[in-house]
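Undergrad: Here it is, the structure in full.
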Amino acid sequence: MTIGDITPKKERKSRRSKHVVDDKAPLLPKRQDEDSGYDEFNGASFTGAVFNLSTTIVGAGIMALPATMKVLGLILGIAMIIFMAFLTDASIEFLLRFSRAGKTTSYGGLMGDAFGKYGRIFLQICVLVNNIGVLIVYMIIIGDVLSGTSSSGVHHAGVLEGWFGEHWWNGRTFVLIVTTLGIFSPLACFKRIDSLRFTSALSVALAVVFLVITVGIAIVKLISGTIMMPRLLPDVTDLSSFWKLFTVVPVLVTAYICHYNVHSIDNELEDSTQIKPVVRTALALCSTVYIMTSFFGFLLFGDATLDDVLANFDTDLGIPYSSLLNDAVRVSYAAHLMLVFPIVFYPLRLNMDGLLFPSARPLALSNMRFAFITAGLITVIFLGANFIPSIWDAFQFTGATAAVCLGFIFPAAITLRDRHFIATKKGKFLALFMIVVAVFSNLVAIYSDAYALLKKNSGTGLRA
């Protein structure tokens, strides 16, 4: 899709006056005002863009952050959250700067501009692997929260089972069928990412609900004197405890991954100069939520904080209405993930279309192709979450690798490639640093996941 004859009505930096180089690259939403069917769309708002990007960032990873405080201590842990926000901002700045220089309006187009066809295809594959894995994990978590889960012979009741008892209609498969048909499918049918701004705002609000409940419980227990002083610095006593510090690196590195949606949001903004303030506002908002969740989550549970803090809300909190608050946290979190789903699904569909139909017209103009890809991907995600027990283990390896490639390795590689000779020495040094951090994060993640998997399998073998 090349914009040629359309002239902007106003002199401003918008997508109407921007030439598209790679017209079939993924993550390249068509400017909707080019088609007569979308004449009413005059560009996305700043607020809507912030909520969409914030929802992309705050997914399931928020629940793993309090456990990083247990390893790093509050001071170092909060400092690392802030540091990763700045590093993410720098990596997105790389993407935007080289996109402007190469006149590309997609992440795929940018990779194609820097590394050719195979660079673009590699980007597409990473988005598919990362996003399919993330969405399957979301669906598994939603099923666990609402319908319960069994592990090692122990059954943990879901919210619906706790409220109404065990019935066929609150079983895992039926609940996920209803969720898929009633929530995921309708929200996945929007052709513009800006159409999801209200659900994204609600998703962020639900994350804040979880935060408010956690803060409230912590304050009540603090007043009653049942909370111990949290550890401020890491507890390093030997070599093993030193190496344990690095196990939180993958959680922190992937906490802000949103790069695959930046171009989609940018393309729909009425004024493209707003994208940098949008990114920084979203990062500031998410950093605030992350810091407060980490601080109060660790303050509340201390050294008993689990890797997934949601599991801590499955026990007696030691305050009045504990069961009600536990259910409120779990339901708000499940609802939050339901509303994150379409935001992560949006670039997944565009990339799948780019791989299957690289020469076809824009996806938004083909209802049959749009429906075919949407239905196919949702079916794959549903089947993966329900009928492939080991799929979570597989995505622990591939997901971490794909995420750091999208967030740091690709932006850094584009900067070092410097096809348009605009990179500074400082920028190249920062790009090298990003690659080192990303590779190290991958190695740690792969090692820790492999060790945990082997330990789990050996334990199962011993019991057998």
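Numbers run from 1 along the shown chain.
Placed from the backbone N, Cα and C atoms, the Cβ positions cover glycine too.
Just so you know, TrEMBL annotations are computer predictions that nobody has curated.
According to TrEMBL:
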- 19-34: compositional bias 'Basic and acidic residues' (COMPBIAS)
- 44-448: domain 'Amino acid transporter transmembrane' (DOMAIN)
- 1-36: region 'Disordered' (REGION)
- 41-65: transmembrane segment (TRANSMEM)
- 71-96: transmembrane segment (TRANSMEM)
- 121-142: transmembrane segment (TRANSMEM)
- 173-190: transmembrane segment (TRANSMEM)
- 202-223: transmembrane segment (TRANSMEM)
- 243-262: transmembrane segment (TRANSMEM)
- 282-301: transmembrane segment (TRANSMEM)
- 331-348: transmembrane segment (TRANSMEM)
- 369-388: transmembrane segment (TRANSMEM)
- 394-417: transmembrane segment (TRANSMEM)
- 429-448: transmembrane segment (TRANSMEM)
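Looking at the shown structure, can you explain where the listed features end up?
TA: Residues 14, 32-33, 81, 134, 137-138, 141, 192-194, 196-197, 200-201, 203-204, 207, 210, 251, 254-258, 260-262, 265, 268-271, 274-275, 277-279, 281-283, 285-286, 289-290, 293-294, 297, 307-310, 333, 336-337, 339-340, 343-344 of the same chain sit 6 or more residues outside the transmembrane segment (41-65) yet have a Cβ under 8 Å from a Cβ within it.
Beyond its flanks by at least six residues, the transmembrane segment (202-223) meets 51, 54-55, 58, 62, 285, 289, 292-293, 296-297, 299-300, 317-319, 325, 328-329, 332-333, 335-336, 339-340, 343 of its own chain at Cβ-Cβ distances under 8 Å.
Counting same-chain residues at least six beyond the ends of the transmembrane segment (243-262), those with a Cβ under 8 angstroms from any Cβ of the stretch are 27, 52-53, 56-57, 61, 64-65, 67-68, 71-72, 77, 80-81, 84-85, 88, 91-92, 95-96, 107, 127, 130-131, 193, 234, 236, 275, 279, 282-283, 286, 290, 343, 346-347, 351, 400, 403-404, 406-408, 410-411, 437-438, 440-442, 444-445, 448.
Within the chain carrying the transmembrane segment (282-301), a Cβ under 8 angstroms from the stretch's Cβ atoms is held by residues 50, 53-54, 57-58, 62, 65-66, 68-70, 74, 77-78, 81-82, 85, 88-89, 204, 207-208, 210-211, 214-215, 217-218, 221-222, 227, 230, 255-256, 258, 309, 312, all 6 or more beyond its ends.
Residues 26-27, 52, 55-56, 58-60, 63, 127-128, 131-132, 134-135, 138-139, 141-142, 145-146, 159, 179, 183-184, 187-188, 190, 193, 196, 199-200, 202-203, 206-207, 209-210, 213, 260-261, 264, 310, 377-378 of the same chain lie 6+ residues outside the transmembrane segment (331-348) yet bring a C-beta within less than 8 angstroms of a C-beta in it.
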Undergrad: Ranking 71-96, 369-388, 429-448 by Cβ pairs under 8 Å to the transmembrane segment (394-417), which is first?
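TA: Maximum Cβ contact count belongs to 429-448.
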Undergrad: Please indicate, using numbers and ranges, the residues of the same chain that are 6 or more beyond the transmembrane segment (71-96) and have a C-beta under 8 Å from a C-beta there.
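TA: Distant Cβ neighbours of the transmembrane segment (71-96) are 65, 107, 110, 230-235, 244-245, 247-248, 252-253, 255-259, 262-263, 266, 275-276, 279-280, 283-284, 286-287, 290-291, 294-295, 298, 407-408, 411-412, 414-415, 427, 430-431, 434, 437.
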Undergrad: Sort out the residues at least 6 away from either end of the transmembrane segment (173-190), same chain, that have Cβ-Cβ distances under 8 Å to it, and list them.
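TA: Non-local partners: 139, 142-143, 146-147, 160, 196, 199, 338-339, 341-342, 345-346, 349, 374, 378, 382, 385-386.
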